[in-house]
């Protein structure tokens, strides 16, 4: 049993505005490694691994298939605390070449009735220099890390490749994979880069600079046909995988939405799944697929896995359910695999298409 109730913690944090609550949670996560006995104790409460759900990707062992989605740890400050929350891997960022404050506040909102989050953060982060400092502190920390990269707001679309080039050079020897983020709705013009020519150019550039696996993260707000075409272009150009999806700007999903920013959480679940399913049918077996967007249970994670996901990511639903959710997903996946007669998760990946 967990040694504390997340419901109690949530009640306290939800007394603050969302961004302040995030800052307070971050202070706790940064402090946790300073008390190894407590870190070890919490890790034992929440971290689940089993040969059935352990996998190898990019030359690294992923002890379980549930990772933290990008956006929570924008500056790489909480990496060593992530196993304590139950995650098998983490994705830090989005990081930009130069520090930037992001969009004006308020820019983060809880949609309580919908168990969702709406954010218009705008890649607020301390820049690549600060993140490199954090990564250089890790030394012998053996844990899969993805680095999510994006362009600065002040960088024009015409010069966007220059920002990504700078970031590829900076992180070519760090982490286990790099994610190209051109799908956030909160940087003006960024989603316009989701076109065939830019995809070809950026992956060609990546291959010249780094041997790191480079993945593409896509938005949910496109037709299935366009998404499949974009992903095929990326894979043909050298993408090591696809992450689907980012937040949605479909404000028709709820009457509680603001008219700006991206929506994540429960409202995104079905939209994200349907797009991922279309991509999975086309690309399963051709590249690594990671599904993210409103995953709030083992059953939902399993649905994504059967549609082709080798890994899944969680962020917004962590805020509503706490780290017990990650434990429940991993334990639930083991039960679901056994129920269907599988001996390893790899047998279930893409089961809908076998």
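Every residue, even glycine, has its Cβ placed from backbone N, Cα and C.
Annotated FMN-binding residues in Swiss-Prot are 70, 71, 72, 73, 74, 148, 181, 217, 245, 265, 294, 315, 316, and among 49, 94, 96 the one listed with them is 94. Residue pair residue 246 (substrate binding site) / residue 265 (FMN binding site) shows a Cα separation of 11 Å. In terms of Cα distance, the recorded positions that sit within 10 Å of residue 217 (FMN binding site) are 181, 184, chosen from 120, 122, 181, 184. Considering only the recorded positions 74, 148, 184, 265, residue 122 (substrate binding site) has 184 as its nearest partner by CA-CA distance.
Cα spacing between residue 70 (FMN binding site) and residue 181 (substrate binding site): 10 Å, rounded to the nearest whole number.
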